[in-house]
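Chemist: I'd like to ask some things about the structure below.
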Amino acid sequence: MAGILAWFWNERFWLPHNVTWADLQSTEEAAFPQAEDLYLAFPLAFCIFMIRLLFERFIAKPCALGLKVQANGPRKAQPNAILEKVFTAITKHPDEKRLEGLSKQLDWDVRSIQRWFRQRRNQEKPSTLRKFCESMWRFTFYLYIFTYGVRFLKKTPWLWNTRQCWSGYPYQPLMPDLHYYYIVELSFYWSLTFSQFIDVKRKDFGIMFTHHILAVTLISFSYVTNLIRVGTLILCLHDVADIVLEAAKMANYCKCQKLSDLLFLTFAVVFIVSRLGIYPLWILNTTLFELYEALGNFPALWVFNVLLIVLQILHCLWSYLIIKTAYKAISKGKVTKDARSDVESSSDEEETVPRSKAPHSAIATNGTSGASGTNGYLTGATCSEEH
């Protein structure tokens, strides 16, 4: 085990030439990031999750009920042993041949059987109330951590000049505010990674899970290598779009359609400008070029940049989905189902609701962000949601 640890923490991989771990040990004069600090994220992630449960129950739920958010889930299908057996053991989407067989067996018309299966699929979906509470929690956290990050960063020199991220590296002391900011963000993404298995199920589960793992990896990697100055810029940049997205979703659940659409379009602009404009021109420029000019080459630097480029690929994917949805919203005045629709909101509409009268929204029920999400998330991409 000692040999494996020595190999893993090889200084020639993690640190610039002529720098050792001993050089970065904390002293009374200056504190530096220590790998063992990352263990703090696990109990804190649990605390964040417990705070979330209390917040959703005692703050978000009363707010939702006060705003008349629908508390009941989808209409339940009438009990039927034969159809239930087919639904649970064979298929949730019977084909035409099976529908005809069931029609003869039950003496029901095919349309009634289709409606039963639709209602049965829908009844497993979470209520709008639950989705509102989840979005309100994320909105509150993103707003808090973004505000904290801005207040901290506006006093730092590297916000205004990214070359200051590498001034004196790696001997850059760890300030208490910076340490708190980093560990809280890391804890939040750990909590998202685990809570995603019990949260509202979404079609982009795999992409978002990959994003959360990437976010945790980037935060941990940059902390251990003391690349935290540029890390704070990445975190703050990714949180801003998630605030608007969660606000848009809450407006959607409250059936404030015009406000929801306005917030969605605002989110689309903020997301694309921050992820496709500022991120590559500001962040990738300093990590790919300014960092190399200041410190030269060492393996951890390139691993860090590869992770950041993978994050940018996710940005491009989500931006495509956002632009696609925004285009439909603007050109047609409504949005049809999108490739990133949620499982709980992407089923067929009830046939009792005329299609021409069914309200549509341009808002997804999750997004996250880059290293935050990034947030989406990092946080986040969008899709339509039909009611």
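Note that Cβ sites are derived from N, Cα and C of the backbone, with glycine treated the same way.
This is the feature table in TrEMBL:
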DOMAIN    83-127  domain 'Homeobox'
DOMAIN    130-331  domain 'TLC'
REGION    341-387  region 'Disordered'
TRANSMEM  38-55  transmembrane segment
TRANSMEM  135-153  transmembrane segment
TRANSMEM  205-224  transmembrane segment
TRANSMEM  262-282  transmembrane segment
TRANSMEM  302-323  transmembrane segment
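So that I understand the layout, could you describe where these features sit and how close they are to other parts?
Modeler: Over the domain 'Homeobox' (83-127), the average per-residue pLDDT in this prediction is 90.
Outside the transmembrane segment (38-55), and at least 6 residues removed from its termini, the chain residues within Cβ reach (under 8 Å) are 136-137, 140-141, 183-184, 186-188, 190-191, 194-195, 220, 223-224.
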